Amino acid sequence: MGISLIGVEGMPLVGAGDDIAYLIISALNEGGEDLLDGDIIVIAETIVSKAEGNIISLEEIKPSPEALDIAERTGKDPSLVEAILGESSEIIRVGHDFIVSETRHGFVCANAGIDESNVDDGLATPLPRDPDGSAEKILRTLQEATGRELAVIISDTQGRPFREGAVGVAVGVAGLSPIWDRKGERDLYGRSLETTRVAVADELAAAASLVMGQADEGVPAVIIRGYPWGHLRSDGGVKPLLRPRELDVFRG
């Protein structure tokens with residue numbers, strides 16, 4: 001099995017009201033590329049939030065007493081801390097230069113997923129309000145425009161407990177199941193797999209992030225071609241990736 005990662009280059013800076021699907025198709029056409037059946041399009045969450053007008057002006061935020069307290073403990077901008085509080089359902093850990101929280105979507109990550117990169121000074125982008133809904137809307141437009149069978153993943157870059165560095169993860173999914181449950185299959189020695197569940201959407205998002213980059217690469221969307229996901233067709237969204245609170249061994 002061979003998989004290709006194709007960066008969608010030539011996309012303009014995204015602004016409020018832009019149609020992400022249209023921008024992707026236009027950039028592909030300019031580059032002489034077409035979408036094919038089975039392609040998976042991975043899109044950076046930042047441009048989705050920008051297109052949806054989901055932008056935070058830090059200068060307009062008045063920090064609360066809680067934000068001021070956390071800012072003093074972390075060394076972070078009080079306005080940014082207030083924005084993090086607004087996007088969080090729970091603050092889990094704070095320390096010097098870090099805040100780990102659970103977002104309103106159920107993701108546990110740093111800074112509630114708020115990103116200050118690739119936007120103008122004084123602005124920040126939170127995660128899309130409904131990442132699965134955003135992915136579904138983009139998927140529907142792409143499929144109607146091309147007639148192809150596709151899937152869409154909206155990705156974010158997040159850190160992981162006990163490991164350095166950040167990797168791409170899925171925060172929104174449309175068209176495929178984010179989990180491949182392989183329980184009951186046989187390994188190379190004939191033993192039955194008991195617990196193996198593969199986080200396919202996260203693995204695909206991580207692969208795409210190698211092409212997207214984290215700085216000035218200017219590649220906010222990547223086509224993954226050649227991955228056989230026909231057995232994973234689903235409309236269930238990203239929720240299967242989220243570990244239930246009662247099974248969270250880190251928070252108890």
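Glycine residues also receive a Cβ, built from the backbone N, Cα and C atoms like all the rest.
Keep in mind the model is a prediction, meaning the values are calculated, not measured.
The feature GTP binding site is assigned by Swiss-Prot to 11-14, 45-46, LYS50, ASN118, 212-219. Residue environment of LEU13 (GTP binding site) contains 11 other Cβ atoms, counted within 10 Å of its Cβ in all protein chains.
Residue density at ASP156 (divalent metal cation 1 binding site): 23 other Cβ atoms are found within 10 A of its Cβ, drawing on all protein chains shown. Under DSSP, ASP156 (divalent metal cation 1 binding site) is assigned to a strand (E or B) in the three-state scheme. If you look up Swiss-Prot, you'll see ASP115, ASP156 marked as divalent metal cation 1 binding site, on the strength of sequence analysis.
Summarising the annotation, Swiss-Prot assigns divalent metal cation 2 binding site to THR157, GLN214. The 10 Å shell around the Cβ of THR157 (divalent metal cation 2 binding site) contains 22 further Cβ atoms across the protein chains shown.
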> In angstrom units, rounded to an integer, how far apart are the Cα atoms of GLY218 (GTP binding site) and ASP115 (divalent metal cation 1 binding site)?
Replying inline: 16
> Any idea what the Cα distance is from LEU13 (GTP binding site) over to ASP156 (divalent metal cation 1 binding site), rounded to a whole Å?
Replying inline: 18
> Are there residues of the same chain, six or more positions away from GLU45 (GTP binding site), whose CB falls under 8 angstroms from its CB, and which are they?
Replying inline: GLY113, ASP115, THR125, LEU127, PRO128, PRO131, ILE154, SER155, ASP156, VAL171, GLY172
> Expressed to the nearest Å, what is the distance separating LYS50 (GTP binding site) and THR157 (divalent metal cation 2 binding site) at their Cα atoms?
Replying inline: 16
